[in-house]
Amino acid sequence: MLSPERLALPDYEYLAQRHVLTYMEDAVCQLLENREDISQYGIARFFTEYFNSVCQGTHILFREFSFVQATPHNRVSFLRAFWRCFRTVGKNGDLLTMKEYHCLLQLLCPDFPLELTQKAARIVLMDDAMDCLMSFSDFLFAFQIQFYYSEFLDSVAAIYENLLSGKNPNTVIVPTSSSGQHRQRPALGEAGMLEGVEASLFYQCLENLCDRHKYSCPPPALVKEALSNVQRLTFYGFLMALSKHHGINQALGALPDKGDLMHDPAMDEELERLLAQVPGLVNSVTASPEASCLPSRTPPRVGSPWRPLHHSRKVDGESDGSTEETDESET
């Protein structure tokens, strides 16, 4: 049944809001590229299974990064897939480096950019070296904020730099790839980085940014709540506050609450069913549980992003940012 919000929108606005044209274009491109294979079971079936995979969130698996980040739904689907595929890392209490987490991301998206992984790791590690170990929950919640709100955070980084240098915070921000957090970190590492900026003024700038930003932004009321207990803050302190805010995680809707991060009964049941179908595999996995968690050092090369959808596997995908949690195993 259609929701009241859907009925209140004109058709063209609803189609734009849901990025339907993006998925139609992608479906047609895949249809044309694989028409010989698809002709064996029919075009209607292909479109049915394609849009079923979009609804289930499996359509982003093994796709190019430009498609993975193309829509908010794609980003949520990728976050959920990453969590569901690799939460065993957290259950086993394994600690991995930034490069190892990047290898895991490349298993789902072969051309996933290293820069995004580095930015997410910096939220957790702060001033620590980039080769330090991180818990799965720490990295996951930081990665969620950095990946989903990537364009917004680039603009926030430029605003923070202007405030820190005393420039007019109302200047129109046009962020570029060279002005984001990764390049900005050394420039903000002086005394000003330690002192930060006034939280109330920073929030006013963010509120104005959210009003005019065409990309996804955290709900302003939740951002205000996250900053309510501080008078001054640093840029990475702000990112850490976002990553561990319960309400922002709920509003984004990709990951479960912190206490439920390692629990996914439906996925466990599906994995047990699949493992039971492979002779000899269950015993080997039981004997060496950590083997399934090790990241591949060489990401797979995918010749074509399309996979016959009726044969595709069904896969969907904590952070307090503290040094204590990063340095010890999950329970």
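Cβ atoms here come from the backbone N, Cα and C positions, even for glycine.
These features come from Swiss-Prot:
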type	residues	note
COMPBIAS	318-331	compositional bias 'Acidic residues'
MOD_RES	S319	phosphoserine
REGION	1-111	region 'Required for interaction with PCM1'
REGION	1-225	region 'Required for interaction with TPGS1, LRRC49, and TTLL1'
REGION	112-331	region 'Required for interaction with TPGS2'
Residues in the region 'Required for interaction with PCM1' (1-111) grouped by DSSP into helix, strand and remaining coil: 79 helix, 2 strand, 30 coil
Check the region 'Required for interaction with TPGS1, LRRC49, and TTLL1' (1-225) for me and report the mean pLDDT. 86
